[in-house]
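Below is one structure, written out as structure tokens, with a few remarks after it.
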Amino acid sequence: MELLAASRACIFFGLVTVLDAWGVQQVELSEGAWAMIDGRDVLTPTNTTTRVTKAWTFLETPPGCAGDISVKKVCVSHSLCEDNIIIGKHCNLLTGEHGIALAEFNVVNGSLRRTDDVYFVNGTVFPILAETRSVLQIHRATPSIAGVYTLHVSIDGMMKHSVVLLTVKKPPKQPQPRLRVKTPPPVTVPQVPVKTHTDFVVHGYHSRVYADGESFELSVNLESHIVEPSFSAEIQWYYMNTSSSSCDLFRVFETCIFHPTAMACLHPEQHTCSFTSPIRATKILHRVYGNCSDHGNSWPSRCHSTLLGNRLYFIQPAQNRVDLLFKDTPASATGLYVFVLLYNGHPEAWTYTLLSTANHFMNVLTDVTRPRLGEHFYTDLGHKIITPHPSVATTEELGAWTRHYLAFLLVIICTCAALLVALVVWGCILYIRSNRKPYEVLNPFETVYTSVPSNDPSDEVLVFERLASDSDDSFDSDSDEELEYPPPPKPAPQLPPYQFVDGGDAPSGRSGFKVWFRDTPEASPVPLHKPTLQGPDYSRVASKLKSILK
């Protein structure tokens, strides 16, 4: 078996010839062959590099001109100079050069990080533009893919090219010797249908709790049952960070593993609490197998493969090329690790394992339904949500969290300030209302008597008079002038002691006082304000009282 595999490898490499003539690679493949062509990245980013752009372009060879192509020091287009390819005089170049892949990178800490990319594939040629390598992956070569493939690399405006001339030829037919054999009589044998069924089974643990700095192996225990003579396969490992998730339950949707480009898988509801499409995760390991014919369980390590992907410094592929080895694992490696096996381009087996420290352990559940589409999702299909590597600080998430926190804090401060101002204003209003009193007009004079009091009920001579203004008087509170009151009347001269007219004692039932009136009545004080209506005249009544008392 090993001899057969070695002979096939020799035949394969014998059919593929790579010549480096003046910087141009000339690759010759046989029809139906599989190959991986290195694009030879011609520029290396420096410490001052800020932006890198890579692109693959294709210039198709016209039909019938495969034998009239040579490598010469001639330019055929503006993008191909210095070391170029020329087509003979008898062939007309009717097709134009068109792009098949484009990728943009940013430089972070001296290493490239992909920001956006786009690919145009036809099922046979798969251009790959990675951070460290740029290759062309050929599956079952056909004459239609023959032509000029150019890798363009632009670093801060400086452009370089790497050219590959690919030709595809039909394999030579080996003459078979004619053997004369007597044909036996036909024997009727019942035809039994041949079962061509391939099956893959994985037996892995769905969770593992580790300590910071621990080393261990993450195994999926892959079992394979392959009946096809040759096949192609891919082994992929994806990572999704769960350390910053506050979900009680993390869901893994199996439907999205088989349909990664569905809209509900690209933009699910509660995307931080679910693993849906692998496109939303970070690919940490990608191994490609082409034209493999080993049918045992050890086919991943026996068949020829190409390792792609940007794996982390603490992760190494295991000896069987399927499992992962973790060495001195940091706490930032917490997350969901998903294994996917593609057989002839279709997912056939998958499993997941939650690696976390004790502080970030959570429940993970496999969901076989379709996830719900998020209410606010991106309509731009070119946008990709990429989970950052666990070894790199997620500055974007930290910045978003800081902006949300500052906005929330600003709203709280503004609300508290508004409430404080409202309380101060309301307190001032209550204080002013409580201290405010209606204006009172005070009489500066006391009540005086204009006659001598008596205890005789029949004597109604006692008259009270308040030396004050009328009820109609009003004061202007806004006036700064003080009110001037007339001086009080001078006291009357002292009268001699009176005597009873009849010379006897005071009659019983009386107070013993007599009221003496002057001949000239005492003038009343001039009121401050004259009443509008003149009161009744009591002068006659007073004269009668005087005559009676005499």
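Backbone N, Cα and C atoms are what each Cβ position is placed from, and that goes for glycine too.
Annotated in Swiss-Prot:
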TOPO_DOM  24-408  topological domain 'Virion surface'
CARBOHYD  Asn47  N-linked glycosylation site
CARBOHYD  Asn109  N-linked glycosylation site
CARBOHYD  Asn122  N-linked glycosylation site
CARBOHYD  Asn241  N-linked glycosylation site
CARBOHYD  Asn291  N-linked glycosylation site
MOTIF     449-452  motif 'Internalization motif'
COMPBIAS  485-496  compositional bias 'Pro residues'
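Counting in whole angstrom, Asn122 (N-linked glycosylation site) lies 37 from Asn47 (N-linked glycosylation site) by their C-alpha atoms. Put simply, Asn241 (N-linked glycosylation site) is 29 Å from Asn47 (N-linked glycosylation site) when counted between their Cα atoms.
Cβ neighbour counts within 10 Å, taken over all protein chains shown, single out Asn241 as the most crowded of the glycosylation sites Asn47, Asn241, Asn291. Cα spacing between Asn109 (N-linked glycosylation site) and Asn241 (N-linked glycosylation site): 21 Å, rounded to the nearest whole number. For the pair Asn291 (N-linked glycosylation site) and Asn241 (N-linked glycosylation site), the Cα-Cα distance reads 35 Å. In three-state terms derived from DSSP, Asn291 (N-linked glycosylation site) belongs to an extended strand segment. With every protein chain in view, the residue among the glycosylation sites Asn109, Asn122 whose Cβ has the most Cβ partners within 10 Å turns out to be Asn122.
Classification of Asn122 (N-linked glycosylation site) by DSSP places it in coil, neither helical nor stranded.
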